[in-house]
Amino acid sequence: PSRLGGPWLLGLLARLLLWGSPGAWASYLRRSSSCMPIPHRMALCYDIGYSEMRIPNLLEHETMTEVIQQSSSWLPLLARECHPDARIFLCSLFAPICLDRLIYPCRSLCEAVKRSCAPVMACYGYPWPEILNCNKFPADHELCIAAVSMDENSSSRRMPRASCKDCELEEASTAREILESLCANDFAVKIRILRKNTTTTISDFDLDPSKVEVLKHGPLLRTEIPARLQQWLDIDATCAHNIMRGTQAGVFVVSGEVQSDKVVVNKAYAWQKRNRNLHQAVRRWKHHRCPEQAG
């Protein structure tokens, strides 16, 4: 028997809905498929909460070699953290759980993942594939895998959106270049970021409101900057993840632009003793005149 475990799986089983009638392909697949251990090499789904999967899978891959090859192409999308249920959705198809009947993802789960992840795929020129056409999956009143994460429309949490723009820590090359960068952006702030958890699919980050030093507020009010930066941490999971680099807390100098209802961080520098150029630039900033100011 398969080893079942993991909090997401308990949530999944709790959300399985009423029995539905499988289609012709599902009936054939159930009769012809066999259960196999999920291999270590299948990084997408190994250790997801159950240990065995059906072959052929729900995407009609007939060999484990094909499954591993095809599933690995989705790993970069998961790294973008575009939706907390993306892995569950993909593994329900690539590595369907071995139960008495085939269980597809619910149409609503597909639509939620597509809504968040398809725009990210489009950044790199990849359309949402026809094999994942959400209309192919059962409605929520049938037996299917529903979303495990909170409702993305819930007021208690915004669904993180990955940005098309890759945000990485910058090397503090020279104090002059840093000053030029601060001048070119709408705002610049020294902040402390805390990682709230390490157990969920998407890491949540908090801004330490007691450690906010505004260097340049631009079109923003000083009083609204902490809230706007917390909003940035909430919705741009990829950028925050890249900046933190696996650490639990850190101090950074970030600068960016204001875009209607949100702020976008363009540059981020780690505030560390070895970053002498960054320290020098921040000291000089109080008396620095940007080109437009000097003119």
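From the backbone N, Cα and C atoms, a Cβ is placed for every residue, glycine too.
What TrEMBL lists as disulfide bond is Cys45-Cys91, Cys110-Cys134. The domain 'FZ' annotation in TrEMBL covers 30-147. Per TrEMBL, domain 'NTR' is recorded for 164-290. TrEMBL lists 1-26 with the feature signal peptide.
A map of TrEMBL features onto the structure.
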residue: Cys45; record: disulfide bond; Cβ neighbours (10 Å): 25
residue: Cys91; record: disulfide bond; Cβ neighbours (10 Å): 25
residue: Cys110; record: disulfide bond; Cβ neighbours (10 Å): 26
residue: Cys134; record: disulfide bond; Cβ neighbours (10 Å): 17
Rounded to a whole number, how many Å is the Cα of Cys134 (disulfide bond) away from the Cα of Cys45 (disulfide bond)?
21
Given Cys91 (disulfide bond) and Cys110 (disulfide bond), what distance in Å do their CA atoms have, once rounded to a whole number?
12
Between Cys110 (disulfide bond) and Cys45 (disulfide bond), how many Å separate their Cα atoms?
17
In the domain 'NTR' (164-290), how many residues does DSSP assign to helix, to strand and to coil?
45 helix, 36 strand, 46 coil
So what's the mean pLDDT when you look at the domain 'NTR' (164-290)?
88
